[in-house]
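Here is the structure we will look at.
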Amino acid sequence: MHADIVVLPGDGIGPEIVAATLPVLEAVASRFGHAFSFAEHDIGGIAIDRHGVPLPDATLEAARAADAVLLGAVGGPKWSDPKAKVRPEQGLLAIRKALGLFANLRPVRPHAAALDASPIKAELLAGVDIVVVRELTGGIYFGDKTRSDTDATDLCRYSVAEVERVVRRAAALARQRRGHLTSVDKANVLETSRLWRDVATRVMREEFPDVTLEHQLVDSMAMHLLSKPRAYDVIVTENMFGDILTDEASMLAGSLGLLASASLGDGKVGIYEPIHGSAPDIAGKGIANPYATILSAAMLLRHSLGLEAEAAAIEAAVSAALDARVFTADLAPSGQSVGTTQAAQAVIDRLG
Ligand code: NAD
């Protein structure tokens, strides 16, 4: 197949990890007989420097026309003045919103060779394979806000349609996996959560009778995620709960440098990016871990292009590289480590 992929390297280590990932995609294309074209555009701090805005029109137009978007990271000290009118992160929020990307998927599958990197006991982590699906465009982050000298409010609002579409996304994913969906809310206290629970229950009964549904309160979920992470398959939750739970879940895998993400909507175009930031402390040194970006590229193949075997081939190659202890410095602080390019090459060498 032919696919047009828009590449947004961004700031800090973004250009390094993206540059290391494109040869992996090219190697997959040549092995499986595909043609991927890559068009690079600006987003974040570099876009502010070059165009005065964090999301130039040309970037958004290219993303709308593309099959998928691969993103590095945005931000850095140069653009972090809190009084600045334009900030790199605005570019990210704007592109997700403009493309209607309402579901953020974060797989968490701790790798055997990297178990030591997690603060959680290794025996709890073996076999953990979770995808957290976080609602991305609604809830308290986007509701009306007020502030006076004596108080402040943030409105949390969800519509039936917003809950339906993200539950459907998560349930469809669970159907392709182990067939179990955990819906997380705070239905004992919040009205939006009671709506969430009612809608999730109905959608699952009517459309996904083959997928088991379990409701979990967010406070107990925070506990169970660490005490029995193997019990979960797909977890779906609203925006703020998802923000917090996905960061908690990332600790199961140890390094930020191993965690990929996809932001998806109803169309096929999605944005694929590592969950970490632009790591200004190591930018330009050639030591950033590229695995999270490479695994994000695997998600791109799976979710936007429908290339499951190709995605699985990348994931297996990253696993094999980790098995062979091809570690960047974040995974092997006191041991032997390789640079960004060598780690990516190790993946290419193991693509089979
Ligand atoms: P960060 O994720 O950039 O870095 C946290 C720590 O993890 C640092 O010590 C960094 O060196 C390390 N790290 C991160 N990714 C790594 C990798 N691939 N390999 C090796 N080590 C890695 O978070 P931060 O320091 O809080 O933020 C830095 C900048 O990134 C800020 O401007 C922030 O706003 C931005 N940020 C962007 C995104 C995004 O683009 N989606 C997400 C989070 C933070």
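Positions of Cβ are set from backbone N, Cα and C atoms, glycine also.
Keep in mind that TrEMBL annotations are predicted by a computer and have not been checked by a curator.
Residues or ranges marked as domain 'Isopropylmalate dehydrogenase-like' by TrEMBL: 4-347.
Taken residue by residue with DSSP, Ala84 (NAD(+) binding site) is part of neither helix nor strand, so it is coil. Taken from TrEMBL, the feature NAD(+) binding site applies to 76-89, 277-289.
Residues or ranges marked as substrate binding site in TrEMBL: Arg96, Arg106, Arg134, Asp219. Of all the Cβ atoms in the protein chains shown, 12 others lie within 10 Å of the Cβ of Asp219 (substrate binding site).
Tyr141 (site 'Important for catalysis') carries a helical DSSP state (H, G or I). As annotated by TrEMBL, site 'Important for catalysis' applies to Tyr141 (among others).
Annotation source TrEMBL lists site 'Important for catalysis' at Lys186 (among others). All protein chains considered, the CB of Lys186 (site 'Important for catalysis') has 18 other CB atoms within 10 Å.
A C-beta separation below 8 Å, combined with a sequence spacing of at least six in one chain, links Asp243 (Mg(2+) binding site) to Arg134, Tyr141. Positions annotated as Mg(2+) binding site by TrEMBL: Asp219, Asp243, Asp247.
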Which of Ala84, Ala279, Ala283, Ile287, the listed binding-site residues, has fewest other Cβ atoms within 10 Å: Ala84
Binding-site residues listed as Gly76, Pro88, least Cβ neighbours within 10 Å: Gly76
When distances run from the Cα of Ala84 (NAD(+) binding site) to each of the binding-site residues Arg96, Arg106, Asp219, the nearest one: Arg96
Nearest of the recorded positions (Gly76, Lys186, Ile287) to Asp219 (substrate binding site) - Cα to Cα: Lys186
C-beta crowding around Arg106 (substrate binding site), within 10 angstroms: 24
